[in-house]
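Enquirer: My structure is below; once you've seen it, I'll send some questions.
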Amino acid sequence: MDMFPLTWIFLALYFSGHKVRSQQDPPCGGRLNSKDAGYITSPGYPQDYPSHQNCEWVVYAPEPNQKIVLNFNPHFEIEKHDCKYDFIEIRDGDSESADLLGKHCGNIAPPTIISSGSVLYIKFTSDYARQGAGFSLRYEIFKTGSEDCSKNFTSPNGTIESPGFPEKYPHNLDCTFTILAKPRMEIILQFLTFDLEHDPLQVGEGDCKYDWLDIWDGIPHVGPLIGKYCGTKTPSKLRSSTGILSLTFHTDMAVAKDGFSARYYLVHQEPPENFQCNAPLGMESGRIANEQISASSTFSDGRWTPQQSRLHGDDNGWTPNVDSNKEYLQVDLRFLTMLTAIATQGAISRETQKGYYVKSYKLEVSTNGEDWMVYRHGKNHKVFQANNDATELVLNKLHTPLLTRFIRIRPQTWHLGIALRLELFGCRVTDAPCSNMLGMLSGLIADTQISASSTREYLWSPSAARLVSSRSGWFPRNPQAQPGEEWLQVDLGTPKTVKGVIIQGARGGDSITAMEARAFVRKFKVSYSLNGKDWEYIQDPRTQQPKLFEGNMHYDTPDIRRFEPVPAQYVRVYPERWSPAGIGMRLEVLGCDWTDSKPTVETLGPTVKSEETTTPYPMDEDATECGENCSFEDDKDLQLPSGFNCNFDFPEETCGWMYDRAKWLQSTWISSANPNDRTFPDDKNFLKLQSDGGREGQFGRLISPPVHLPRSPVCMEFQYQAMGGHGVALQVVREARQESKLLWVIREDQGSEWKHGRIILPSYDMEYQIVFEGVIGKGRSGEISIDDIRISTDVPLENCMEPISAFAVDIPEIHGGEGYEDEIDDDYEGDWNNSSSTSGAGSPSSGKEKSWLYTLDPILITIIAMSSLGVLLGATCAGLLLYCTCSYSGLSSRSCTTLENYNFELYDGLKHKVKINHQKCCSEA
């Protein structure tokens, strides 16, 4: 009985205490309007939250198009254990069934969370065990600032500034600035001030976490990203020629800085009529900024940085931390650029005065900095021969220009250690006449304007076929379709003058295999239309059939294919052959406004002098493999190296031809526009070798780009002039790796008039070069001039021997001057010997005994024998006589030339005369 009142007292105290505690606890959960910013905290924050909590909040925006942003206080403490017991979760909607944006616990505050719609669901749960301080977050409407700061710029010049400049910029901004230029206008952007929040622990440039500025070559997130910038380092000057340059500015809710200010202006581009792709790209001049140069490593003392790798720099050069062929120097050109040549130097240490240089290197290129291709020579990686001392400049010219953005030089051998300075040569695609990018890369062409015959899946849709910027590419439904069955089409929006396409393979995606990631098109055709219904193919002017264009050899490296201008609004590309991985393609169309096009003469070949030229275009590892519909039949189109045809119109410009500098120190071919009152071709400049009768005389060599004609011979034409009596000689030699062959020679005064020379360049399995060699003997006055060297497609081969006297082989050859001392100084070791020529013994001064067989004409003998003795007996006798005649004393007279030119074949007793190539003499029978 006594315990009963005591029990009631305890119960009363318990419930009264519980009531007091409940009155002290803040409300847990609710529905909150984010029109006015507010805070949500765990119960009791910053003290330990209670156990057995289950709080739910719904935060909503007043407008359906508004978003909500949550920012957490860094003081965050919720029991760990993988968030099984205590946790806070945020869902992108108004209930527990909405998409989960995050589930958090532990001691690290969650990052900023932004809703996709106008509602967020927040839930906090705790169990009976240990507790912590909990959380505190701020909710508010997510303000992008787009209405205030996003803007398009179309005026010729202007200023772009961060919102509020020069005051600190606001939080939570996402602004877009777009500069739009008219055709043939270049956009130049230069920053005046730059100060954005950055991470103190930032590893490298572009590693921006909080506030940043992205610059795009085109529409944001469509065109290629040029760079991401933050901190206080001012970006260097940018030059864009695609017609659109965009900036996207992002800020978070924390620290704000002063922002940026930049000036832009538009510059009119007018390409020269005789466009040459050989300009220095800016390593020496500084146009390539320091931030664009990087390396695999740098020597530890900090005196041999990548930024010291500029050609002719006076402060050391670049040296890696360890001398290894795995090290590389990298240059980011920022935009797609035609690379035509590379010049290298070593360096002399300012500390030790020792010379270091690279003796050989490999070249790697990429359009995105991720997928790299090693430049190849056939199936093997091309190894460029570089320097022989620390100061010498050596130029390596690429056989075919490469379209790329990122370039790596990877040293292979070196002297004492790796030290490198360099310059890059080339041009932009848009530098050529009527070669504007019409919008695939920049995004000016919308996704709806790109279509295809079929597509594999969303990631490989036609809209993914944008050059470079796409993360994948177009892939048809059937990876091994019939040739010409599949196509990719671009609607340009309005009629344009179309002059070419840039084709690129497809990049790998998450849903494909490694094999499929290397898909590219090897050969293709192009058709065009003004209305989308009536289509015409680009024609081969020689065959009047649809032209079969060469495609890619690597899935990342783009290739330009040009053709005669055509009016078109719709362009289709038909893959004809492709890699084993199937059809994969990215594309850009080149051209200009319909009224802008005009006939021009353009040459994409480099005109810089070089020490070495590379051999055929680089090939991928899979280049020798082919799908079931792909064959290795050689293209019948003549593919001459860029710069072979040359009229030398501009001083110091020799197209793809080069001087032999090792023998050019005593005299130089000079460009002249003063013909001394004598006729010369079309009143143009030309090359001239001249001597005034001095003791040393003159000797010069002019060397062509590499030529590869494995299937059919062609006719080379040129104009020449030779004055100076018997002391003047001009000859043309074919030089291959293991042999040289004399093709054409004159050694007498030709008068003051210009004359035409024509030579058949025979088919040859190996790559070779054509060399013009001119000699004016010691003590002789004379002049040799050359102009307008070109391959002619309208001259029949039977008419391609001019003058005939230049092909006679009984004119003596020079062997280091032997037997010709009175006419040409033997100091000129012109290597006029011909290892493949018919003879070398028969010269007038040799005193060799003449024979009656030496004077016989084998043609006459053959005709008489076959007419007199009948077909069978005549053939037998003719064979014996030919053998005796040709083999006696090497037969270096006109008789051998006659036999070289003709071959007799018997068909049913009839005699047929057939022209053959001038490659082998009859003495080889």
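Placement of Cβ uses the backbone N, Cα and C atoms for every residue, glycine included.
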Enquirer: Which one of Asp174, Asp252, Asp258 goes with Glu197, Asp211 at the Ca(2+) site, as Swiss-Prot has it?
Expert: Asp252
Enquirer: Among 139-159, 223-243, 601-621, find the range that Swiss-Prot records as region 'Disordered'.
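Expert: Region 'Disordered', as annotated by Swiss-Prot, spans 601-621.
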Enquirer: In Swiss-Prot, Cys592 is paired in a disulfide bond with which of Cys427, Cys434, Cys800?
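Expert: Between Cys592 and one of Cys427, Cys434, Cys800, Swiss-Prot records a disulfide, namely with Cys434.
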Enquirer: Swiss-Prot annotation: Cys277 disulfide-bonded to which of Cys83, Cys105, Cys427?
Expert: Cys427
Enquirer: Name the residue from Cys28, Cys83 that Swiss-Prot records as disulfide-bonded to Cys55.
Expert: Cys28
Enquirer: In Swiss-Prot, Cys83 sits in a disulfide bond; tell me which of Cys105, Cys175 is on the other end.
Expert: Cys105
Enquirer: What are the non-local neighbours of Asn157 (N-linked glycosylation site), defined as same-chain residues 6+ apart in sequence with CB under 8 A from its CB?
Expert: Arg263, Tyr264, Tyr265, Leu266
Enquirer: If you average per-residue pLDDT over the topological domain 'Cytoplasmic' (884-925), what number do you get?
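Expert: The average pLDDT of the model in the topological domain 'Cytoplasmic' (884-925) works out to 38.
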Enquirer: Roughly how many angstrom lie between the C-alpha atoms of Asn152 (N-linked glycosylation site) and Glu197 (Ca(2+) binding site)?
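Expert: Spelling it out, the Cα of Asn152 (N-linked glycosylation site) and the Cα of Glu197 (Ca(2+) binding site) are 25 Å apart.
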Enquirer: Let's see if you can do this one: DSSP helix, strand and coil counts over the region 'Disordered' (297-317), in that order.
Expert: 3 helix, 1 strand, 17 coil
Enquirer: Determine, from DSSP, whether Asp252 (Ca(2+) binding site) sits in helix, strand or coil.
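Expert: SS state of Asp252 (Ca(2+) binding site) = coil.
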Enquirer: Counting other Cβ atoms within 10 Å, pick out the least crowded of the binding-site residues Glu197, Asp211.
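Expert: Minimum Cβ neighbour count within 10 Å, taken over the binding-site residues Glu197, Asp211, occurs at Glu197.
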Enquirer: Around Asp252 (Ca(2+) binding site), how many other C-beta atoms are within 10 angstroms of its C-beta?
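Expert: Excluding its own Cβ, the number within 10 Å is 18.
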Enquirer: DSSP helix, strand and coil counts for the domain 'CUB 2' (149-267)?
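Expert: Each residue of the domain 'CUB 2' (149-267) counted once, the result is 1 helix, 57 strand, 61 coil.
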